[in-house]
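Scroll down for the structure; my scribbles are underneath it.
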Amino acid sequence: MKVYIATPYGFCSGVKKSISLAEKILSLKGEVYTLGALVHNPKVIEELSKKGIKVLGKDEIVEGKALIVRAHGLPQRDIDFYKSLGNEIYDATCPLVKKVQVLAEYLKNNKYKVIIIGEKNHPEVIGILSYTDNQGIVIEYESDIEKVEYYPKIGIVFQTTQSFDNAIQKVNLIMNKGKEIRIFNTICPETIERQEKAKKLSKIVDVALVLGGKNSANTRRLYITLSLKVPTYHIENLEEIDKNWFKEDSKVGIITGTSTPNNFVEEVLALLKSLYPLEIHLV
């Protein structure tokens, strides 16, 4: 069996920084909570929980604790609320997400109507929207654009894990909605690279495994890209893999979301190796 692994795989730089900060604060404080799931991968959250990094529930309120802002960021009002209760706040927001928040606030302050191309209910988008005083417009579907009024000044930013191709399609449809339109490409370069690798894999393999959390936006987009071309399976746990998907002469593609740990790739390879001898290629 030939296995083609898209590189890079494992955590992106933003996820690495977020987890590193959480572990550092845990070592200093002995107890730490994250405001929502630190990253969108249940396996990773479970491992962090075992170490003592706990996820604070939506309706849970704590005082005088060490709290970490998740990688996707938070609305500023939420951060201010937890600060008011005497908590120490440590910001693990991905630097690229932070950049989008700053841009959104800048555009709002300079009288631009801010348009965010992204998923309405995604934590990152909710956080970005808060920096427009919730006056921005979120475009998730092309049908959302029909409702957009004409504005003298429009500023466009993107959820960092958006598909580049889909984002550009939406931008083209927005171009007649304003006189002055400023576009900031805030899609994460690492996300774009993985999307391109997914396209490349789809031309090589006859079955693909996308490894990562089912709640991960960037992982879902990798799945969509590959599934348009080849049989594709989104795998969150090893138990989900069915050996009947493979044959000895299969060409299997493996790609990971940005919050998928390296050791999960190794576990999947070990399982495949137990079925057939492997010939591994990096793509």
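Residue numbering: from 1, along the chain as shown.
Glycine is treated like the rest: Cβ placed from N, Cα and C.
Fair warning: this is a prediction, and the values are worked out from it, not measured in the lab.
Lifted from Swiss-Prot, the feature list:
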- Cys12, Cys94, Cys188: [4Fe-4S] cluster binding site (BINDING)
- His40, His72, His122, Thr160, Ser216, Asn218, Ser259: (2E)-4-hydroxy-3-methylbut-2-enyl diphosphate binding site (BINDING)
- His40, His72, His122, Ser216, Asn218, Ser259: dimethylallyl diphosphate binding site (BINDING)
- His40, His72, His122, Ser216, Asn218, Ser259: isopentenyl diphosphate binding site (BINDING)
- Glu124: active site, proton donor (ACT_SITE)
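Rounded to a whole number, the C-alpha distance linking His40 ((2E)-4-hydroxy-3-methylbut-2-enyl diphosphate binding site) with Glu124 (active site, proton donor) is 11 angstrom.
Surrounding the centroid of the Cβ atoms of His40, His72, His122, Ser216, Asn218, Ser259, where the record places dimethylallyl diphosphate, the chain contributes additional residues within 8 Å, namely Val39, Asn41, Ala71, Glu124, Thr161, Gly213, Asn215, Ala217, Thr219, Gly257, Thr258. The CA atom of His122 ((2E)-4-hydroxy-3-methylbut-2-enyl diphosphate binding site) is located 15 Å away from the CA atom of Cys94 ([4Fe-4S] cluster binding site). Listed in chain order, the residues near the [4Fe-4S] cluster site other than Cys12, Cys94, Cys188 are Ser13, Gly14, Val15, Ala71, Leu96, Val97, Thr160, Thr161, Glu190, Thr191, Thr258, each with its Cβ within 8 Å of the site Cβ centroid. Taking CA atoms as the reference points, Ser259 ((2E)-4-hydroxy-3-methylbut-2-enyl diphosphate binding site) and Cys12 ([4Fe-4S] cluster binding site) are 7 Å apart.
If you take the CA of His72 ((2E)-4-hydroxy-3-methylbut-2-enyl diphosphate binding site) and look 10 A around it, the binding-site residues you hit from Cys12, Cys94, Cys188 are Cys94.
In sequence order, Thr160 are the recorded positions from Glu124, Thr160, Ser216 with a C-alpha within 10 Å of the C-alpha of Cys188 ([4Fe-4S] cluster binding site).
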